[in-house]
Each structure stands twice: as C-alpha cells, then as structure tokens.
Amino acid sequence: MNENEAIKEFSKLALKNNHIPQKYYDKYAVKQGLRNSNGTGVLVGLTDIGSVQGYSMNKGKKIPKEGKLYYRGIDIEKIVEGFQVENRGGYEETAFLLLFGRLPNKRELEEFNELLDQCRYLPDGFTENMILKIPSKDIMNKLQRSVLVLYSHDYNPDSITIDNVLRQSIQLMARFPTIISYGYQAKAHYFNKDSLFIHSPKSRIGTAQNILHMIRSDNKYTKTEAEALDLCLVIHAEHGGGNNSTFATHVVSSSGTDTYSTMAAAIGSLKGPKHGGANLKVLRMIENIKENVPNLKDRGQLKDYLLKILKGEVFNKEGLIYGMGHAVYTISDPRAKLLKKKAHKLALEKNKMEEYNLYSSIESLSKELFKELKGHDFEICANVDLYSGFIYEMLNIPADLYTPLFACARIAGWCAHRIEQIVSDQKIMRPAYMSVKENSSYVSLYDRSTI
Ligand SMILES: CC(=O)SCCNC(=O)CCNC(=O)[C@H](O)C(C)(C)COP(=O)(O)OP(=O)(O)OC[C@H]1O[C@@H](n2cnc3c(N)ncnc32)[C@H](O)[C@@H]1OP(=O)(O)O
Ligand SMILES: O=C([O-])CC(=O)C(=O)O
C-alpha cells in the first residue's frame with residue numbers, strides 16, 4: 001500500500017472505532033459543548049474582566065434580550081462613545097482597562113503607550129530567521145510558531161510570577177502587530193510573488209496605526225482608516241472567560257505552564273472557523289453567494305440560496321451561515337451593531353452601499369429563515385464576525401490578516417484572563433470523561449484476526 005492508500009484504510013478504522021453513540025451522551029447527561037440542557041453555558045469560573053449578557057432566565061428558561069458587553073464593568077458602547085467623543089483611538093486604554101482593572105489616567109496611558117512602543121520591535125535576527133526564512137501561507141500559523149520561538153528569546157520564560165507574566169504579556173501585545181505584518185509580507189512575497197518590504201514599527205502613533213503603517217508599501221493611511229481599525233481592535237479585545245480561546249487560556253494556564261505555550265494554544269483555538277476564523281469564512285461565503293445568486297438585490301433569490309447553505313447543499317456544505325449565531329447572544333450582539341454602523345459609514349464614503357446592503361440582507365434574511373425553520377421563538381443574530389471582514393476589505397486589508405487582527409486585539413483579553421487565573425484560582429482544571437468502553441483482553445499478535 002502506498003501512503004495515501006494506507007491512510008485511507010486506517011481512516012476507516014479511526015472513524016469506526018471513535019464513534020460514541022448519542023444515546024450515551026443523553027444517558028449520562030453529558031454537558032456537550034459545556035452547555036446545560038437549557039442552552040446556557042456550564043458555570044466553570046468567575047471573572048471580573050468581561051461580562052457577556054445575551055438573555056435573562058425565568059424558571060430555568062432562557063429569555064432572549066438585546067446583548068450587552070461590559071469590560072471591567074463598563075458598557076462597551078460607552079467605552080466606544082467615550083474615546084470617539086474625545087476624537088482619539090481607544091485600543092490602548094482598553095488593553096490597560098482589561099489588564100489592570102480600571103481606566104488609565106492621562107499619565108498612565110502615556111506610560112503604557114511608551115512601554116508598548118519600546119516592545120514593538122522583534123529580537124535581533126527574528127524577522128530574518130523566523131519569519132522570512134520559513135514563511136507560512138497561513139498567518140495564524142506564523143503567529144503561533146513565532147510566539148513559541150519567542151520563548152527561546154526570553155531570559156526568564158517559565159516563571160509565572162505576576163511581574164514576569166505581565167512583562168511577557170505586554171511584550172507579546174506589542175509584538176503581535178509586528179509579527180502578523182511581517183508574516184503577511186513574507187507570505188505575499190514568497191507565495192504571491194509580490195515585492196517584499198519590511199517597515200519598522202513607529203513610536204507615538206498607536207497599535208492600529210502601526211499595523212496600517214507596516215502592511216502598506218507607502219506607509220500611508222488616513223485618520224478615518226486608523227479610527228476604523230482601532231474600533232475593530234477595541235471591539236474584539238475581550239469576551240468573558242467562556243469563549244473558546246479565552247477558555248483555552250484558562251485551561252492551559254491552570255496547569256502552571258508558561259505564557260508562550262498558553263498564547264500559542266489560544267491562537268490555535270481562535271483560528272477555528274466557528275470562532276475567530278469565522279471572519280474569513282464570511283468572506284468566502286459572500287464570494288460564493290455573489291457567484292451563485294443572479295440578482296443580489298432580489299431578496300427571494302438570496303433567501304433561497306441561504307436556505308440551500310443551511311441545508312448543506314451549497315457553499316462548503318457544512319450547513320452554517322457564517323457570521324450568524326452566538327452561544328450567548330440572542331436578539332443582538334452589541335459588537336455587530338457597532339461594526340454595522342461603522343461599515344455603513346465607510347460604505348457611504350467608499351461607494352460600497354450595494355455590498356453593505358448584501359451583508360445587511362443576509363443578516364435579516366437569516367433571522368427570518370431560522371424563525372421559519374426552528375420556530376418563531378428562535379432568536380439568532382449577526383455576530384462580531386459578520387461585518388468585521390467587510391470593514392477590513394474597505395480598508396484594503398488583505399483577507400490573510402482578518403483572523404490575525406482578531407488575535408492582535410484579543411491578546412489583551414487572554415493576558416488579563418491568564419493573570420486573573422494565576423492570581424485567583426490555582427486549581428488545575430481537570431473535568432471528567434466517563435469511559436463507555438467495555439474492558440477486553442490483550443490478544444497476542446499471532447492470534448489476532450487479519451480481517
Ligand atoms: C468570535 C466568535 O467566535 S463569534 C462566532 C463566530 N462563528 C460563526 O459565525 C460560525 C457560525 N455560527 C455558529 O456556528 C454558531 O452560531 C456558534 C458556533 C457561534 C454558536 O453555536 P451554538 O452555541 O451551538 O449556538 P446555539 O446553541 O444557539 O445554536 C442553536 C442551533 O442553531 C444552529 N445554528 C447556530 N448558528 C448557526 C449558523 N450560523 N448556521 C447554521 N446553524 C446555526 C446550531 O447548530 C444549533 O442547531 P441544533 O439545535 O440543531 O443543534
Ligand atoms: O463568546 C464567544 O463564544 C465567541 C465570541 O463572540 C468571542 O469570543 O468574541
């Protein structure tokens with residue numbers, strides 16, 4: 001047998017012998033997806049960092065409500081309004097708030113910004129040896145591997161004292177934008193044959209501005225573009241302890257391991273298409289819809305196609321409408337509302353209203369379809385990933401960077417949760433898996449059946 005044939009054969013065996021029938025999950029009341037039978041999440045921790053509110057409870061039943069998100073007790077909508085009114089960016093103060101538990105005063109914010117600026121550079125030789133010599137087609141993969149290599153450049157990688165973890169956290173927060181920007185340049189050059197340029201990070205401009213500065217050949221960006229990207233970073237920075245990548249951060253941190261291993265695990269989780277990777281899937285889904293729906297303004301045609309997506313007949317045949325649905329939010333995701341507003345503003349400026357209307361129709365038609373399929377009480381909403389990619393597209397940011405940008409923002413939340421876990425809860429996470437396999441005897445190699 002050649003390699004392919006062998007893998008095909010062994011796959012059949014793997015498929016056959018790894019199937020646990022649903023009846024066992026029901027019999028032992030397993031909380032699949034760590035979800036209670038009423039759809040709420042199983043309570044596994046406490047946090048002061050982020051609060052995600054999507055329903056209220058009445059007699060054990062979920063009652064849908066408009067979504068709310070709080071960072072350290074402050075409504076995200078108020079945070080956004082606060083820095084927008086003052087006509088400045090908000091990502092750095094948001095990261096400060098998440099890490100340290102309160103908003104910074106002017107001096108503290110300046111010091112924090114200076115610290116980030118000092119840490120944006122990569123270690124000597126890192127860009128050449130780690131990024132350019134071994135480029136990756138996937139920038140999340142590049143980011144993950146770079147984080148693991150940074151362990152080797154750290155003079156004290158394993159200590160989990162808070163000052164050490166904080167130093168590592170701030171360094172990583174500052175370096176993520178540099179890594180993804182250079183990782184993208186390497187990909188564009190070695191795989192797409194584009195010209196190669198590496199721009200050094202710049203001080204006193206901010207995180208969003210640095211990203212635009214490093215990914216554009218002419219370093220140029222407008223204030224509107226920087227504001228839009230900064231808003232995306234603020235909105236993606238944190239989402240409670242239960243989202244998949246932050247929960248991974250908690251699980252891995254609880255073993256006492258180092259910051260680099262933990263962040264690499266979180267990046268791996270975020271890359272998944274049901275989590276942060278959904279922003280890229282939304283783009284692919286929109287491309288597919290554009291190719292297959294003759295008249296995009298015809299709501300009937302669009303709805304029919306969305307139904308086919310849900311039935312798993314078209315697109316990637318997985319049956320998911322990406323950018324829709326959420327484990328907590330029901331009627332609305334406050335972040336999607338903020339991003340939709342920003343997308344509308346940009347679309348008007350950039351003459352992209354037809355495309356904006358397509359996204360908006362997908363949102364409203366999906367809601368209609370889910371009600372028709374699952375009952376009038378079923379509430380589903382656009383999540384943060386529906387409009388984010390569209391905003392990036394209008395900023396001319398390449399699709400390769402959509403999910404890495406999410407990581408650049410969410411690292412603030414991950415680090416805050418890691419510190420909270422280390423300070424407040426030192427118990428190693430170790431839930432139970434019940435074996436449903438009957439015991440059997442070891443059979444000598446010579447006595448085993450050959451079929
Ligand atoms: C940053 C983020 O992570 S935001 C989420 C990004 N992910 C996506 O956009 C991918 C598409 N969405 C989804 O896959 C889901 O909505 C998730 C993974 C986000 C949440 O899933 P769940 O927690 O299982 O949602 P929930 O329990 O409310 O789902 C109820 C039902 O609706 C289905 N459903 C939910 N969203 C979708 C969707 N977008 N497309 C098709 N079916 C969906 C679920 O499969 C489930 O069906 P079932 O009752 O037959 O099992
Ligand atoms: O909370 C979740 O499950 C997913 C999510 O929206 C996020 O992490 O931003």
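Glycine is treated like the rest: Cβ placed from N, Cα and C.
Per TrEMBL, the features are as follows:
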- HIS326: active site (ACT_SITE)
- ASP385: active site (ACT_SITE)
Secondary structure of ASP385 (active site) (DSSP, helix/strand/coil):
helix
Give me the CA-CA distance between HIS326 (active site) and ASP385 (active site), in Å, as a whole number.
10
Three-state secondary structure, HIS326 (active site) (per DSSP):
coil
